[in-house]
Amino acid sequence: MSQWMIIWRKELLELARSYKLLWLPLVFLLLGVSQPIVTYFLPDILANAGNFPQGTVIEMPKPQSGEVLAQTLQQYGMIGSLIVALGFMGAVSSERNSGAASMILVKPISRSAYLLAKWTAMLVLVWGSLTIGYLGAWYYTSLLIGEVDAIRAIQALLVFALWLSVIGTLMIAGSVWLRSGAAAAFSALGLAILLSLTASFLPSALAWSPGQLPGLASGFLLGSIPDAAGMIIIAGAVLTAAILYAAVWRMRRMELP
Amino acid sequence: MSALLRAEQLTKAFGSTQAVAGISFDIAPGRCTALLGPNGAGKTTTIRMLAGLLQPTGGKLSYAGVKPGQSPNSLLGYLPQAPSFYGWMTGREYAVYAARLCGLSAAEARSQADALLERVGLSAAANRAISGYSGGMKQRLGLAQALVHRPKLLILDEPVSALDPLGRHEVLMLLRELKQETTVLFSTHVLHDAEQLCDDVLIIRNGEMALQGSIEEIKNNHRMSVITLHIEGDDHSKQWCVSYQGGAYVKELRRIEKGIELVVTDMELARRELLGQLAEDGIRVAKLEFGHSTLEDLFMKVVSG
């Protein structure tokens with residue numbers, strides 16, 4: 001078995017022992033399931049909770065099933081990325097600061113294998129959590145609101161998974177470049193927000209920006225796919241690879257306590 | 001090249017501070033070498049460079065059988081000053097993990113890990129989480145994980161400094177065994193440990209090599225005859241000590257609290273003359289010792305001088 005695989009298995013074991021393997025999927029599932037349920041019951045909730053005068057008639061347009069899933073993805077875009085940040089902001093820096101990394105990296109293993117194992121463990125957890133939560137949302141949406149086009153839903157999921165991979169890779173790179181976990185989380189989330197803000201303010205100038213990824217994912221669900229869809233996906237993949245390369249580059253030259 | 005490890009003009013600067021300023025030495029295979037020096041002399045920086053954790057800013061490190069640019073990690077076993085493990089793992093899991101990282105197969109890793117844990121006396125605690133280990137147990141686990149791949153050179157940074165007398169004794173006994181099997185380099189500021197265990201010493205001060213060689217050689221070359229005289233606290237004897245000027249045989253005269261200390265050139269002459277003088281003047285001698293300087297005296301002289 002390759003060294004990468006050995007480190008990867010240790011990473012997964014660590015994720016399991018620290019319960020990240022449990023609470024990350026749970027949070028995604030909770031977020032995902034609550035979206036269609038709250039949407040479905042919203043008129044009743046409003047009727048019971050609001051201080052409306054008697055006889056008020058609340059009439060809301062029934063949302064499309066695609067809209068509900070797109071809203072779910074929006075939730076994941078905000079709270080989901082916060083959770084990814086929380087889970088991985090110290091991926092490398094905490095081991096480096098404690099000295100645990102020094103003891104491992106003097107073994108005859110390559111530093112890139114060490115980093116790539118952490119990165120793939122992160123991807124597995126993020127993709128797994130996202131998929132579980134999304135499937136939950138999908139199930140309740142089709143139960144309560146209406147059928148969803150399966151191809152579109154899967155396309156949206158894959159595109160959104162790429163967006164979360166960009167954020168997760170930024171997190172791992174941040175934890176390589178910066179010694180403090182909080183600083184890594186702050187910079188990675190800051191960059192992610194910057195990407196998506198610039199993309200939404202300058203939609204034509206930055207039509208190919210990876211910041212368009214969340215919008216593209218919603219687009220698949222809402223039936224409004226931009227022309228540059230392919231380029232956005234390629235840009236997202238290239239950005240992920242570039243961030244990962246920067247992290248490996250730094251990792252190779254890193255001085256350890 | 002006969003040396004297992006050769007350092008030439010090894011230098012490390014952090015900003016404008018020179019932590020290690022061009023030291024050169026050889027580690028011969030099968031020898032046990034102590035890296036000595038006061039705190040802040042650059043011992044840990046040197047060791048971290050040898051282990052490949054720090055990049056030297058100057059000089060060259062060459063390992064026998066390793067081409068320049070290649071990683072020497074497969075030759076090395078390393079234990080830092082305060083080993084830090086994954087607290088959520090058990091001792092056995094960590095040892096097996098370390099062995100797997102060194103390229104052992106799953107079965108080999110398990111048997112090697114168990115054998116080493118047995119050897120360092122951790123068998124009973126092997127299935128407990130490392131977060132509950134004491135300092136001494138962590139140090140012993142650190143030794144076990146450094147040895148899993150039978151390294152040619154075992155590098156230990158202050159292996160006993162943080163331990164209580166019992167833990168210290170245990171680790172020293174282990175080291176005594178290990179030095180029969182492999183080449184050992186360890187840093188310490190405790191001279192006694194070095195004197196007991198080592199064949200060679202490297203003494204560094206302010207990042208520079210102050211003295212190096214085999215212990216025997218250094219002892220012989222720098223051995224001095226020392227006479228220590230303690231007196232009882234009466235006025236006559238005190239007066240005598242203050243006015244004592246020594247003879248031709250005295251190389252160095254130090255007045256200490258309880259009397260005087262002499263470094264002499266000719267012990268026989270000194271013995272005859274001093275004893276005669278003391279008897280003649282009726283000095284109340286409390287203690288009179290004719291001996292040799294210890295490694296500690298030498299160390300103090302080298303690092304403070």
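Any Cβ shown, glycine's included, is placed from N, Cα and C.
All annotation found in TrEMBL is predicted automatically rather than curated by experts.
Summarising the annotation, TrEMBL assigns transmembrane segment to A:21-42 (among others). For the transmembrane segment (A:21-42), the residues of the chain that approach it from at least six positions outside its boundaries are 12, 15, 60, 63, 68, 71-72, 75-76, 79-80, 83, 87, 125-126, 128-130, 132-137, 140-141, 143-145, judged by C-beta separation under 8 angstroms.
Cβ atoms under 8 Å from those of the transmembrane segment (A:73-92) belong to residues 20, 24, 27-28, 31-32, 35, 101, 115, 118, 122, 125-126, 130, 133-134, 156, 160, 163-164, 167-168, 171-172, 174-176, 181-182, 184-185, 188-189, 192, 196, 214, 217-218, 221, 251 of the same chain, restricted to positions at least 6 beyond its ends. Sequence annotations record features per position, and here TrEMBL assigns transmembrane segment to A:73-92 (among others).
The annotation transmembrane segment is assigned in TrEMBL to A:113-141 (among others).
TrEMBL lists A:153-178 (among others) with the feature transmembrane segment.
If you look up TrEMBL, you'll see A:185-208 (among others) marked as transmembrane segment. Sequence-distant contacts of the transmembrane segment (A:185-208) (same chain, at least 6 residues past either end, Cβ-Cβ under 8 Å): 77, 81-82, 85-86, 89, 166-167, 170-171, 173-174, 178, 214-215, 226-228, 231-232, 235.
Proximity of distant same-chain residues to the transmembrane segment (A:228-248), defined by a Cβ-Cβ separation under 8 Å and at least 6 residues beyond the stretch ends, is recorded for 111-112, 115-116, 119, 159, 162-163, 165-166, 169-170, 172-173, 176-177, 207-210, 212-213, 216, 219. Residues or ranges marked as transmembrane segment by TrEMBL: A:228-248 (among others).
Beyond its flanks by at least six residues, the transmembrane segment (A:153-178) meets 69-70, 73, 76-77, 80-81, 84-85, 88-94, 115, 118-119, 122-123, 126-127, 130-131, 134, 138, 184-185, 187-189, 191-192, 195, 210, 213-214, 216-218, 220-221, 233, 236-237, 239-240, 243-244, 246-247, 250-251, 254 of its own chain at Cβ-Cβ distances under 8 Å.
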